[in-house]
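Undergrad: Quick one: structure below, then a few questions.
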């Protein structure tokens, strides 16, 4: 963990002298003198290392309660883990290609997955049974449930003469879930740059998309009409998009080495977090003013650099002040995906190295005030 400032050197020396007490996460607070106070007390929590994949992680997701963590990778396998102890609960077997994307409904009943085998699959979360398969001409790159769990949106890739498409399916939640419609309720082809990520907004039938050109846009799925766009949201491909709990704002990461906070209604860029390497994922910390960023040097160049030079840490930025307040290291490859527990008690990162690391926050994380002491003096 690295922190900024010059007033904490004495405290840092004490930490370095006591090598038996490793640090996990230091929270830096802002007072009148600048970045000065570091809270890092008590016994630190060791990260849980999840070893269930043989190839690079592509996406990880917590369920709505946060007790389950789902992971998928390039090895065709999807795993589900208990988030509190890292025990593997089971696997979902059936795809024959890289599993690019997963999502879970709010009741933890259904799981959807998209793969390079050109399939979108619906699964029963509790028993691992595949309930239905949709097949397309090209790979499925992103899937997402609507807020009411009634619909699923998916992006299929633009390749081999086929246009990139966005399809919305209405799920039949009656019975065991095997009786689904083969045809999408809505389908359209975004004009211009292909879509890479998507999510439903708080407005019914309106989805949010991120594109290869760096554009973010709002679409009415009933007509395929682009309602609003921000062509200059990023200068390069959007790699991840995650919404706040109330879906009123969202964060994006990009290959242009920045992450940005946007207003969902206007698509206006609210904050920018600039780094030195391409970013693969960005997440919002519930109940705390933090944005978590993950990325690093391109995977093809990893063998020529050290972990320190590759910037393979998960980086914490203050959401409002746009300043980096800490880093958590551990991976020895680029961080491809980050997810935060819905209650904000822990976060998980998945990397090119094939490992998932789950970090449970210490008490000092919740007591830290990097935005200063906002209590009213008597």
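Backbone N, Cα and C define each Cβ position, glycine as well.
The annotation repeat 'WD' is assigned in TrEMBL to 50-91, 92-133, 231-272, 328-358.
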Undergrad: For the repeat 'WD' (328-358), give the DSSP counts of helix residues, strand residues and coil residues.
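TA: Result for the repeat 'WD' (328-358), in helix, strand, coil order: 0 helix, 16 strand, 15 coil.
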Undergrad: Take the repeat 'WD' (92-133) and count its residues per DSSP category (helix H/G/I, strand E/B, coil), listing them in that order.
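TA: Result for the repeat 'WD' (92-133), in helix, strand, coil order: 0 helix, 23 strand, 19 coil.
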